[in-house]
């Protein structure tokens, strides 16, 4: 209404209309109202993104049939035809049968820029199951010292294994077909990594309310460059930091130093048949604990190691995503597609594919050997602030400053889920290891839990007092860890949060569920840092929790 008044140049009426009604809006619309209040003349509207959003998308309101009939009757009795016309023109009313929702249920779901998601948006079938693991023999000899020295790395976070090699041979009924999207073939080194991972998994600590993980915190001291992103390899051997001074810094966190491959001239002298050829190609003279990668021309907002630890991705304010070799510590490719800052990037759990999301409101799917994106996921109404691959690599979740989370199908680029409920921009996403659930964190300090199959919010974890920048499930999914700008790491009981959910046909049809107010029961522990916001969390293969952030002196 305000925009219509301004557009038709009734500026003083628009101002008094705004002043009269802006106080009635919920607190989480303050940012939107601030943007609106700055649009006071028709000229301001040209090319304004917010203006386009409001004019092209209807605000979605989900109400029960009874409430809808009452509203209609009320307006007809009062002869308020104008208001009824405005309602029909600017609102999409999603009517459901059955009981109206409680205030608490409504408050839990609202807050996004364009209202709630239409129920149709969450009806498509999602293959949330895990892909079947390839079968190969695992040597059962338990050589401890070998297990400690060799670097191992799975292509995937795996579900529980009782003993080494006892894999579930059955196909998960909710899994996508194995060949639904082409995945890279396993190399011999990958198979070795998988074997290593299984050996580690056999020694994994089973976590639970009675057995909480130890937490090892990596504090970046004197980080005057401004730490903006962190990632840790799956085998926990390397950690990378992205900084506001445009550098990417890679550290080894094991006694094994980082080494580059020898020069071409030196490589030609090596006996390629020897058993230790992989050792001989490395140049001892280059061994160091830290490597600095130069190339970006703006703060580095996202970093991601490839599952095989040969490559590293970084994305920056300069609008590019760069692929670095961890053999030579040089930049191999710069992917240009986003013309604006790129806020996040992540490798697929199987390598080869990666996703990026940025200020241009879209997420892009890339393959390392294509210089153009394979898919463009468009639909968010504001910046795409974080991106995550589903464990089966067939789906990608994106969180946005429009306060919604979307799930996209990699195969055809369609949006298959829209989740609303956060009251601020989303900054962290984590899939449960079994692929069924998604946890999301935002500037509102709440962690929301979603059932992907039914498309429902199933939990709300309150406790943090500032933006949640890191979320991670333990290896077997028993515990959810969250890290925040409030300088704490919190551990939540994920098993209890997801058990006995009442997702019957009725709740799925109406699209809401009775959320238990049980944050305090689910909170297993709160761990304060001295003065370090938590930027990243990572569970090692044995379920030790690693956390990272930069010390801030304020």
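Using N, Cα and C of the backbone, Cβ positions are placed for all residues, glycine too.
In TrEMBL, annotation is done automatically, which means it is predicted and not curated.
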Which range of 85-137, 138-190, 191-243 is region 'Disordered' in TrEMBL? It is 138-190
Maximum Cβ pairs under 8 Å to the repeat 'WD' (461-493) among 293-328, 335-366, 419-452 is reached by 419-452
DSSP tally for the repeat 'WD' (220-261), helix/strand/coil in that order, comes to 0 helix, 22 strand, 20 coil
Residues in the repeat 'WD' (335-366) per DSSP class, helix first, strand next, coil last, are 0 helix, 19 strand, 13 coil
